[in-house]
Every structure is written in C-alpha cells, then in structure tokens.
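Undergrad: Sequence annotations record features per position, and here TrEMBL assigns signal peptide to 1-31. If you look up TrEMBL, you'll see 421-451 marked as repeat 'NHL'. Residues or ranges marked as domain 'EGF-like' by TrEMBL: 629-665. Per TrEMBL, the feature disulfide bond maps to C636-C653, C655-C664. The domain 'ZU5' annotation in TrEMBL covers 747-881. The feature region 'Disordered' is assigned by TrEMBL to 925-964. Here TrEMBL flags 929-942 as compositional bias 'Basic and acidic residues'.
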Amino acid sequence: MVKSMVSLDPRRVTSLLFILSTILLRLSADATCVPPLGSSRTIVTVAGGGKGLAIPRDIQFHPARPNELWVASADSEDKTSSGVLVIENAGTKDQRVFTVRDRVAYHYMDNIASLAFDKEGKVLFTCQESENRYADLQGPNYFQGPSAFEVWPCNQGYGKEKEGGGCENQMVSHDGLPCDPRADGTDQCFVIHSDMLHESPLCTGIAHDSRASTGPTRLDVPVQNRSRVPGNIVWYVDGVRGKLMRFDMDSLHGVKVMDHRFANIRRYVDVDITRRAGVPGHMVVDVDARHLYVADTGGKRVLRVMADSGHFVRGAMCVPDECYWNHNKRWSCGTNRSTTYDNKTHCEQFCEGKSGDDCGSATTGCRPDLCNMNCEAGWCRGGPCAMEDGLGCYTTFTETSDTFEYELWGCTDFEVFTTLLKSPSGIALSPQGRLFISDYDTGRIVVFDRAGNVLSDLSTGSAGVTGLELQCSSGQDSSCRLWFVNAISREVSYVQVDSACVEASLPPPAPAQLQLACTSPEESCWGTRNETCYAKDLVGIPGSARRVDRGQRPAFGEHMANYNERMVIFHSYGKNCSSLFARTPGLEGLGVGQNPKNWTDVDAEVCPDRLDCENINRDLLVMAGFFCHPCLPNPCSNGGTCLNTGARKGFTCSCPSPRVGDKCQHLPASCPALAQQAMGSYIPANCHRERKEIGEKCLFLCDNEFMRLTGGVRTCSQSGWEGEEGVCSCLPRRFGSKCQTSLKPIHASSAVVSSAGGKVSLRDHEWIVIPPNALPSQQTIQLEAFAVDSVPAEDRTTTGNLCSPIFELSPHRMRFLTPVTLNFTFTPPPEMSEGNQQDLHVLFFDDVTKTWMEQPGPVVQGSTISVQSDHFSRWVVSYTPAEHHELTEKSKRISAAAWVGFGFLIAFVVLSLTALGIFWRRRAQGGEGGKEAEEHKAKERSPASISNEGDVEIGDSFSPVARQ
C-alpha cells in the first residue's frame with residue numbers, strides 16, 4: 001500500500017478554516033428571528049465625518065440620558081482633537097451634536113479606542129490606544145492607561161453629583177471659564193479628567209463592572225483591610241504586553257488635583273490577548289452570569305472569562321530594593337560581587353581599572369553594585385519579562401504609596417467562546433442574553449446566544465464596523481435598537497426594523513458550562529496557567545542569587561522622596577527662571593525648572609518658558625498646569641498661536657486670517673442653510689438655520705420608520721453643497737403623506753433575478769421583463785398590485801380617471817442599467833373607444849416631487865398596456881377623455897388671450913399717467929407768465945441751445961430752485 005504525503009501550508013489551512021466558518025455562519029444565520037434585527041430592516045446613518053467626528057471607534061448611551069449617544073472619536077491627524085462626539089436625541093429630527101474632550105486630549109484621550117460609563121452615568125472611563133508620544137513630539141514612554149471623567153448631567157453641562165442632590169458643572173471653555181455645551185454660540189466645552197492610571201498603554205477595549213469588588217491586598221504593605229470606594233472598577237487590555245487587566249480606581253482624585261495613591265491593579269498573566277493595530281477589541285460584562293466577553297481581534301476569537309475567578313500570584317513591582325539607585329549605595333570591582341564596598345573610594349583601594357559612575361562603564365574598574373544585579377532583566381522594559389517564573393516585574397508609573405497596589409493574578413477560568421469571526425471587534429449584550437459581535441473585515445454583525453449558537457447574521461454593507469450598542473427601553477429584546485459605528489466610512493448608524501419578528505421570540509438559553517482553556521499541555525497557554533495555579537512562595541531573579549517573596553514590593557519609603565504623599569508638580573518646572581534667581585538674594589544657586597520655597601504658580605508665571613525640550617518630562621509639564629508650551633503640542637489649529645491664560649487655567653488662540661473659532665478650527669461659513677422638506681429633515685437641526693463651513697456635513701433623516709432614505713449626505717465644499725439630496729420614499733406596502741397607512745396587495749409575486757435577466761409575473765398579461773445586464777448583481781424583485789379604492793386619497797391625486805390597480809415594484813427607486821418592460825392590464829372606461837386610445841396614460845410616482853408624472857411611449861393592445869423605463873416604484877393607468885384635452889387647450893387659449901389683453905391695459909394706463917404728468921408739470925412751470933415759459937421752452941428745444949449750454953442748462957431748466 002502506497003501512502004501519499006500531503007504538505008499543507010499553514011496559511012491555506014487558516015484560510016480554509018475561515019471559509020468553513022463563514023459557510024457555517026451563513027447556514028446558521030436567519031434560523032431565528034432576532035428582535036433588534038427583525039425579519040426585514042433598513043440601515044439608517046445619523047452622523048458621518050465632518051465636524052467633531054473623526055474615526056468613530058465605540059459608542060454608548062449615557063445611562064442618565066437614554067437618548068444621548070456618546071461616540072469615541074479618535075483623530076489621527078490632529079491629536080489635540082481626539083475625544084467624544086455627543087449626539088442628543090440620536091436618530092430623531094431634533095438631533096444635535098457637540099463634542100466633549102479634554103484640553104490635553106493628546107494625553108488623556110489620545111487615540112481613544114473605547115469608552116464605558118458606570119451604571120448610573122456618573123463617570124465616563126476611556127481607553128487610549130496610545131504609547132504617549134505627545135503628538136509625535138517624543139518617542140513612546142508608555143505612560144498611559146484608563147482615564148476617568150465625572151459626567152453626571154448638570155443643568156448646564158456635566159460634572160460631579162453633589163451630596164444631597166444637585167450637580168457641580170465641571171465643564172470649562174478653552175480659557176478655563178464655566179461652559180455650557182448646549183448654549184447658543186458655544187464653540188467648544190471641555191471636560192477635566194478626574195483620575196488616570198498609567199500601567200497599560202495601547203489599550204483596545206474597556207468595560208465597567210458594576211458588581212465587582214476588591215478585597216484586601218495580599219501584598220506586604222503597612223496598610224491592610226482599608227475601606228474602598230465602590231463603583232470604579234473597569235476591565236482593560238494592555239496592548240503592549242497583550243494581557244487582560246483590571247483597574248480599581250477606588251476614590252477618584254477629582255479635577256485639578258493629582259492624587260493617585262488609592263488604586264488596585266490586577267494583571268491577569270494567563271489571559272493572552274493579541275492586539276491588532278487600529279482595530280479595537282471591545283468587551284462587555286454579563287453582570288448576572290459574572291462573565292466577561294472579550295473580543296481578541298488579533299487572535300481571531302472571542303473569550304469568555306469568569307470575572308470572579310483567578311487568584312493572587314505575586315506582586316507586580318517585584319524588583320528588589322538593591323535595584324534602586326537611591327537604595328543600593330554599595331560598589332563592586334567589575335562584575336565580581338563576592339565582595340562589595342560601602343563607597344567608591346573604598347572600592348578603588350582594592351580594584352584596578354578606571355572607575356565609572358554608571359552601568360555603562362568598563363567592567364574592570366569600580367562600578368555601582370546594582371549594575372551587577374541584572375535589574376534590567378527583571379523589568380518588563382522593551383524586551384521580554386525575564387523573572388525566573390517568566391512573569392517579570394512592572395514599573396509603577398503612577399504612585400509609590402503603600403495604598404497603591406499592583407498585583408499579578410493567574411489561574412483564571414476562561415474559554416474560547418467562538419472562532420467564527422475573522423476579526424471580532426464590537427460587542428454588545430442584549431437584556432435577554434443575546435450577544436451581538438461585529439466582524440471588522442467583513443462588516444457583518446453576528447448574533448449568538450449565550451450557549452454559543454449562531455442566531456442571525458447581518459451584513460452592514462461595509463467593512464470597518466467597530467463599536468456596537470443596544471438602546472433598550474425595557475428588559476425585552478423587542479424594545480432594543482441596534483447602533484453601530486464604522487471606523488472606515490466614519491459613520492454612526494442604527495438598524496431600523498421594517499418588519500418585526502412574526503413568530504414568538506423565545507428567550508435565549510442560559511450560558512453553557514465553560515469549556516476551560518489552557519487546561520491541556522497541548523495548548524500553548526497551559527504552561528503559564530499551570531505556573532500560576534501552583535504559585536511558589538519565592539521567585540528568583542535571573543543572574544542573581546536573590547529570591548523575592550510573592551508578597552514583597554520595594555521599600556519605597558527608603559529611597560523615594562515624598563513617599564506616601566500626593567503628587568505636586570510646581571508650575572516653575574516648565575519655566576526658565578535662572579535670570580530671576582541670579583539677581584534675587586538667596587536664590588542664586590537655583591537652576592532651570594526648580595521651585596524656591598514658598599513660591600506659588602503666580603511667582604513663576606513671569607519667567608519665560610523652558611526651551612530645553614530634550615530634558616523635559618512632558619507628563620510633568622502637563623501636571624504643572626501648562627496648556628501652551630514650546631515643548632507641548634499646539635492646541636491651536638491651522639497655524640494659530642497658543643497663549644496661556646494663567647497657570648492651570650486655560651489658553652486662547654490667536655488665529656491667522658481667515659480662520660476663526662476657539663482653536664482656529666473654522667473657516668467663514670460658505671454654504672447656505674438647507675431647505676426644509678416634507679418627509680424628513682437634515683441633522684444637526686441647525687443645517688436648516690445656519691450657513692456651514694467647508695468640511696461640515698449634514699445628514700438627512702426621514703420622519704419615521706415607515707420610510708426609506710436615498711442619498712442625504714451633503715458636504716460643504718468651496719463650490720457649495722456636494723452629495724445627493726436626501727429623498728424619503730415609503731417602504732413597500734406603505735402609503736399616505738407620511739407613509740402611515742399599511743395595505744395588503746390584491747396580487748403579489750416575486751422572483752430572484754440575476755444579471756442575466758429574468759421575468760416576474762403577477763397574473764396573465766401582467767409582468768415585468770428585465771433584460772440581460774440591467775442589474776449589476778442578483779436581486780429579489782417583488783411585484784404587487786393594490787386596489788385603487790384602498791389607497792389614501794393623497795396617493796391617487798392625478799389628472800383623469802384611474803383604470804388599473806396601483807402597481808408597486810420593490811425595492812423602491814431601483815435604477816436599471818438598461819430599460820425594462822412593464823406589461824399589465826387595465827379596465828377600459830365605458831366612454832373609451834379604439835379611436836381614443838391615445839388618451840390612455842401611464843403615470844409613475846415621483847418620490848422627489850411626490851407627484852404622479854407621465855411616462856411617454858405606452859403601447860396599447862386591447863386591454864393591456866406596456867411601457868419601457870429605467871426606473872419604477874409605483875405606476876398606474878389613467879384615462880383622460882378627449883373633451884378634457886379640448887377644454888384644457890381652450891382654457892389655455894383663453895388664458896393666453898387674457899394675459900395679452902391685460903398687458904395692453906397695463907401699457908395704456910402707464911402711457912396715460914405719463915402724459916397727464918407732463919401736462920401738469922408744464923402748467924406748473926408756466927403759471928401766469930405763459931408766454932415767457934413758451935419762449936424759454938422753445939429755446940430749450942433748439943439744437944444750438946443744447947449744444948452751447950450743455951447738460952447744466954438742461955438740468956437747470958427743470959429745476960424750480962434754479963429758476964429763481
């Protein structure tokens with residue numbers, strides 16, 4: 001027997017698996033009608049590009065304002081403009097938008113990837129896919145993590161809820177004054193961050209956990225079992241290390257205060273997540289089941305994590321005290337650590353070779369002992385984490401207080417929920433437990449139940465779908481509307497259900513038992529999970545005999561200044577006061593960036609800004625209260641000059657002509673306001689009231705869900721409005737001025753027609769023939785007929801008598817590439833004979849003008865009529881008797897004659913009044929001295945007089961004043 005060996009390319013295997021998963025999705029899709037999708041639907045776009053919306057990546061409704069949609073908008077071109085677009089009354093004709101961002105958006109909201117509210121809507125948490133490059137003014141320093149903003153709704157903005165009720169508005173203008181984003185004429189209001197932790201750069205997703213709680217830490221710290229402020233726990237992804245994290249921000253430090261001492265951070269070292277650059281991997285918490293769903297976009301899978309599982313492994317800040325410069329004062333001879341010395345001088349007595357003060361010196365002379373501690377191998381800086389257990393040590397970027405807890409956790413229970421999506425990104429959970437997940441590469445939204453079964457599959461028509469959100473008015477899925485954002489087309493849209501689910505919608509099954517991952521040696525993650533499930537009490541440092549206890553952390557109190565005190569950065573840090581110091585007694589020895597004792601921010605404001613940007617820590621510069629500085633990104637756009645209004649207050653922009661606006665972001669308005677329409681309106685609402693500037697967009701919305709929108713995206717350009725005018729047409733079987741009437745057809749038929757052409761037959765002699773190449777792709781064509789008497793009167797207001805049903809072709813407003821032929825029957829009226837068949841007309845309904853228009857070229861054969869056209873929605877046969885034509889022509893002739901006569905009458909009146917005026921003027925000039933007047937007028941009429949006297953004489957002759 002001969003065996004054939006087949007070698008499979010791993011890439012082909014992956015492609016085959018994806019194709020198989022796609023087929024499985026298609027086979028499973030639409031098996032169950034999902035209420036937020038219905039049995040038929042329309043996608044409605046409510047915002048797209050333009051002012052305030054750059055790259056939308058996530059969405060969520062404000063819990064305290066159910067109709068207010070918040071959109072995470074990352075601006076890759078202007079880092080100072082990343083933030084949140086707020087859409088009030090989203091999806092209605094009263095919709096309006098404004099932006100919410102931090103004045104230092106290039107740090108606190110830099111390349112925002114995701115957002116999450118707490119349960120009540122008091123706090124907004126944001127996640128930044130950022131390495132903290134300060135708009136590329138520096139390389140990455142990874143000083144990034146979740147930001148928190150207090151956004152409880154106030155009467156005039158957002159802020160902090162007061163004890164006993166009420167709200168303190170914390171929104172400010174660019175110059176630091178109180179600001180109301182809804183006030184007329186307001187350009188931009190800003191929020192101020194209330195907290196930020198910095199241990200997880202390049203975040204891809206965030207989710208708030210309202211039922212999570214943090215018990216006492218197992219770190220060896222002096223403060224144990226302290227009280228914790230509930231409600232500020234979020235799940236998070238560290239995209240650099242590819243790990244799941246959990247942040248308990250505890251008590252927020254509030255605005256204008258830097259106090260990060262109270263926090264607990266957990267790094268789940270056995271839950272690996274692969275970041276795909278530029279594509280968020282969102283997450284959602286099933287609070288009742290205590291499950292966390294995570295879109296692992298780069299791993300092409302969705303994880304389900306038991307939110308309360310796992311246990312403490314050891315401290316994350318595990319590098320020993322000997323690795324801190326301020327703690328380890330001993331010296332060694334080269335790399336030999338068998339003997340160490342208490343100082344450099346003592347060492348040089350026993351060691352030959354040139355000494356060095358840092359770890360870059362030669363290895364033969366005296367050098368600091370910590371250079372031989374292999375400290376860099378332990379830190380997770382740039383390369384792999386290299387502790388003996390492979391888990392490494394992590395920098396505490398934020399604080400060194402005893403109450404700041406940074407822990408490694410492991411032995412986490414989780415499973416791979418699904419691998420059917422190529423690039424899972426958006427994720428939302430319905431009240432009844434259905435899971436909606438978007439596929440970024442295909443633009444599809446797949447619906448699962450919690451047992452992992454595919455329920456439905458919706459194509460949005462465009463790749464790039466990221467954030468998903470369900471807007472629900474009750475605990476039933478039938479009350480939910482599905483919203484989504486597209487990061488490629490830069491749009492915010494929702495799914496409008498045209499036909500609700502007919503069958504009774506059964507509640508989805510409960511979650512199945514987790515099939516735990518990483519429990520077999522064949523799995524790549526098994527080693528790490530096994531290591532953390534059986535954690536050792538001690539862990540070794542590579543290249544060192546030192547072992548670290550699992551609860552140990554550095555003794556910060558021995559080698560850190562201001563240990564256990566909140567962080568204070570003086571405004572003088574960003575100033576060069578050296579000249580002032582030199583001429584001030586007692587300050588002569590101070591240098592650039594230093595702060596004399598008892599100095600305030602006001603004292604430092606008089607000094608010029610520092611220019612030695614290579615020596616400045618920009619994070620400290622921001623904490624020192626600078627908005628404008630030569631070493632910071634310029635918040636003013638388009639060449640504007642930034643000016644501080646005072647330390648920690650705000651800024652103003654001096655704009656070059658013709659730029660205007662708080663940040664020089666606007667050009668003078670150039671496009672006129674758009675006209676109101678009968679069946680819809682443009683959003684924002686001021687599109688109908690105000691001129692727009694170049695780049696701004698207006699989007700058309702239909703008045704209700706019974707209409708279908710075509711076009712409607714208008715963009716202001718230098719030449720005026722661009723884009724197709726919005727047109728609303730009634731959905732199939734909908735009639736009336738607002739499509740409010742639903743009718744059943746008397747006849748109906750449908751067929752699938754491809755680009756090869758086809759025929760849809762309704763009854764004998766009633767059909768539509770679609771020739772080859774009339775359709776670009778396969779399409780389901782539906783042909784229906786409605787009794788004329790059942791149609792509302794406003795939909796059958798035509799000239800003449802209707803003598804056929806009203807026919808309807810759907811989808812509406814189809815444009816065929818080549819003309820199609822319609823053939824249908826009609827009932828000849830009694831007065832019609834073969835001689836006046838020319839009085840039969842085919843009328844089609846024009847969705848733009850909302851009127852019936854005549855389609856030329858009908859061919860009549862007995863009781864059938866046919867016509868050709870490249871577009872149809874609705875049509876009907878009308879009979880207009882010849883007498884009506886004669887009457888019409890006669891009335892036209894009468895009307896024309898009347899207008900001519902009226903014109904002659906007007907001319908006669910004008911000439912008469914003119915002659916009468918001349919007569920009375922001459923009488924007034926003559927008076928009793930008529931003879932002298934006649935002689936003067938004769939002279940005036942003489943050509944010689946005109947030639948000699950010129951225009952002055954003529955003018956004077958007509959002036960009574962001149963005559964005196």
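Backbone N, Cα and C define each Cβ position, glycine as well.
Curation does not apply to TrEMBL; its annotations are automatic.
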Undergrad: Could you list the residues of the same chain, at least six apart in sequence, whose Cβ is under 8 A from the Cβ of C636 (disulfide bond)?
TA: C642, F651, C653, S654, C655, K663, C664
Undergrad: Per DSSP, what is the helix/strand/coil residue tally across the domain 'EGF-like' (629-665)?
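TA: Computed counts for the domain 'EGF-like' (629-665) are 0 helix, 12 strand, 25 coil.
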Undergrad: Other than its own, how many Cβ atoms are within 10 Å of the Cβ belonging to C655 (disulfide bond)?
TA: 20
Undergrad: Counting other Cβ atoms within 10 Å of each Cβ, which of the disulfide-bonded residues C653, C664 scores lowest?
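TA: The disulfide-bonded residues C653, C664 were compared, and C664 has the fewest Cβ atoms within 10 Å.
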Undergrad: On the DSSP side of things, how many residues of the repeat 'NHL' (421-451) fall into helix, strand and coil, could you say?
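TA: Helix, strand, coil within the repeat 'NHL' (421-451): 0 helix, 16 strand, 15 coil.
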Undergrad: Along the domain 'EGF-like' (629-665), what average pLDDT does this model show?
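TA: Mean pLDDT for the domain 'EGF-like' (629-665): 91.
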